[in-house]
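K.L.:
Can you keep this structure in mind? I'll have questions shortly.
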C-alpha cells in the first residue's frame, strides 16, 4: 500500500495552479450542458424508435445518440469520481476503481466520434457518389457499425486490462497516463520511461485524428459536388433560353408552309408560341426551388460537421498539450480552455438534436405561420401528435393540413415534376401506365393485382399516374403551388396537336439536343420542319420537368420501354422523400437530392426508331 501511495505522490507532485473557486467552476459548469445534451439525445432516440421507417441515416443517428446520452450522463460525475486519497480536486470522493471505470468509459464513448465519421461517410456516399440507401445498407452500413462500436470497446478493454487509467494532469478526469505505474524518465532518477503517451495515441489519439481528416475530406467532396450542381443548373438555364429562341424561330418559319387551313395554322402557332413564352417563366422558379433544396442538404451536412468540431476541438487541444509536457502547474494559464471544454464536450447531443429537427422546424414555420416557434419545434420533434390551433388557416381560408395534402398530390417535396412524368403523352400509352403503377405498387409492398386505383396511387406517392389519367392530364392546373402547371398544359396542347394522324413521319438531326440525333415520330398534318421545331420544344419541356438533371432519360418517348426502370427508381426515391416529410425527419431534402442524382446518371436514348426512314 505504501508503494502504491508513493507512485501516486510521484505524478501528483505538480500542484495544480487552479484556485478553489476555479476548481468549483469546472466541477459545476458541465452539469447543465450535460443534462441538455442527454435530453436532446433521448429525443432523437425517441423519434427514431417511434418512426415506422428505418433508414441507414436514422440508424446511424440512433447509434450516435446512444453514446452521446451515456457520455452526457457521465461528464458531470468526473470531478466526483477521482480518487479522494490522491487527487487535488476539491470535491473528489472516489477511489482507484472509480477512476479506472471513468477512464474505461471515456475511451469507450469515443464511439460517438466514430459515428460522426460514419455520418459524414453516409452523406458523401449518397450525395456525392449517388449510392442508393438500400445499397448503402447492404454494402457499407454493417461494417461501419461494427467498427464504430467494436474498436472503442476493444481499446477500452485493453486499457483496463493493462491498468493504464489514472487521474490526468490537466482537467478533472481519468485517462491513459502514468503507465507503467511509477514511470517518469526524469533527469537523474532511476525510473522507467512512461509508455502511456504512445498507448494513448494508439487507443484514442490516432483514430480521432483520422476521424477528423475523414470528416474534412467528406465535407469538402460534398461541398464541391453541391457547388458544381448549382453551377450546372445555372448553365442549363442559360442554354435553355437560347434553345427557346431557336425553337420559336423554327416554328414561325415552318408555319408559313403549312398545308392545313389558315385557321388551324394560326391556332397551332399560337399554342406553340404561348408554350415557349410561358415555359421559361415556370422553369425559373422550379429551378430556383431545386437549387435552394440542394443548398439545404449541404447546410444540413455542414451543421453536423460543425457540431463535431465544436464539441471536440477543446478536448483534443488539451490532450495534445498534455502529451507535450504541459501539466497541472499550467492549469491556471489554460483555465479559459478548460472552461470551454467543460461547456462544449458534453453538448454534442443537444446540438445534434437541434440539427436533426431543423428541417421539420422550418417546414412547420412555413406551413403554420401563426403558431409560435416553440410549437414549431415541438411539431418537429413529435410530428402530427402536435396539432395546430383551430385558427391557423392559410390565406385562402382552408386548413393548412388540407393544403399540404394537395401539395403532396403534386409531389412538391422533391422539386421534380413527377406528377406527370411524360406529360400529356401518358394518355396514349395505357400499357406504360400499367407498367409504372404495377412496379410502384410492388415496390411499396402493395399487391400489384390490387384493383383499387386509389390504394396503388397512395402506395406509389411519387407518381400520381391514376390521378392524372383519370383527369386526362388536365387537373394539374387546379392545384396550387405547382411550378410545372404551365409545362403540363403545354404537354396537353402539344399532344392534341399530334394526335390527329400519323400519316407522316419526319427524321432530322436535332442539334439543339446536345448534338445527338434524336428521331421523333410526330403525328401532324404539317411539315417536317414544324415537326422538328415541335420536337425541340418537346425535348425542352422534358429537360425542365426534371430540373435539367435527367435529360438523358427524358429524351426517350413512350415507345422506348426501357425507361420504366428509371421511373420506378425515381418513384421509390420520391416515396422515401414524401414519407420523410410527413414524419418530420430532416432527411427529406437529402433523399430528394439523392433521387435527382440517380436519375441524372442515366444514358441518352433516341425517342423513336419508327421515324428513321422518314423523308422530309
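Cβ from N, Cα, C; glycine included.
What TrEMBL shows for this protein is this:
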COMPBIAS  408-418  compositional bias 'Low complexity'
COMPBIAS  466-481  compositional bias 'Basic and acidic residues'
COMPBIAS  482-492  compositional bias 'Low complexity'
COMPBIAS  559-584  compositional bias 'Basic and acidic residues'
COMPBIAS  594-609  compositional bias 'Low complexity'
REGION    386-426  region 'Disordered'
REGION    463-512  region 'Disordered'
REGION    555-616  region 'Disordered'
TRANSMEM  24-49  transmembrane segment
TRANSMEM  61-81  transmembrane segment
TRANSMEM  101-125  transmembrane segment
TRANSMEM  146-165  transmembrane segment
TRANSMEM  198-226  transmembrane segment
TRANSMEM  301-321  transmembrane segment
TRANSMEM  333-357  transmembrane segment
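Give me the local environment of each listed feature.
P.N.:
Distant neighbours of the transmembrane segment (24-49): 18, 58-59, 61-62, 65-66, 68-69, 72-73, 75-76, 78-80, 89-91, 171-172, 338-339, 342-354, 356-357, 381, 584-585; these residues of the same chain sit at least 6 beyond its ends, with a Cβ under 8 Å from one of its Cβ atoms.
Listed by sequence, the residues of this chain that lie at least six past the ends of the transmembrane segment (61-81) yet keep a Cβ under 8 A from its Cβ atoms are 26-27, 30-31, 34-35, 37-38, 40-42, 44-45, 48-49, 89-94, 98-99, 101-102, 105-106, 109, 111-112, 115-116, 118-119, 145, 148-149, 172-174, 345-346, 348-349, 352, 356.
Panel annotation: around the transmembrane segment (101-125), residues 56-57, 60-61, 63-64, 67-68, 70-71, 74, 77-78, 81-82, 94, 131, 136, 140, 144-145, 147-149, 151-153, 155-157, 159-160, 164-166, 173-176, 203-204, 207-208, 211, 214-215, 218-219, 221-222, 301, 304-305, 308, 312, 348, 590 of the same chain, lying at least six beyond its termini, place a Cβ under 8 Å from a Cβ of the stretch.
Remote same-chain partners of the transmembrane segment (146-165), defined as residues 6 or more beyond its termini with a Cβ less than 8 Å from a stretch Cβ, comprise 63, 99-100, 102-105, 107-111, 114-115, 117-118, 174-177, 179, 181, 196, 199, 202-204, 207.
Same-chain residues lying 6+ beyond the ends of the transmembrane segment (198-226) with a Cβ under 8 Å from its Cβ atoms: 107, 110, 113-114, 116-117, 120-121, 123-124, 127-128, 151, 155-156, 158-159, 162, 164, 175-177, 179, 294-295, 297-298, 301-302, 305, 308-309, 312, 316, 319, 323.
Through the fold, the transmembrane segment (301-321) approaches residues 113, 116, 119-120, 123, 127, 170-171, 200, 205, 208, 212, 215, 219, 222-223, 330, 334, 337-338, 340-341, 344-345, 347-348, 351-352, 355, 358, 590 of its own chain, all at least 6 residues removed from its boundaries and within a Cβ separation under 8 Å.
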K.L.:
How about long-range neighbours of the transmembrane segment (333-357): same chain, 6 or more residues beyond its ends, C-beta under 8 Å?
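P.N.:
Residues 17-18, 22, 25-26, 29-30, 33-34, 36-41, 43-44, 47, 61, 64-65, 68-69, 71-72, 75-76, 112, 170-171, 300, 303-304, 307-308, 310-315, 317-318, 321, 326, 377, 380-381, 584-586.
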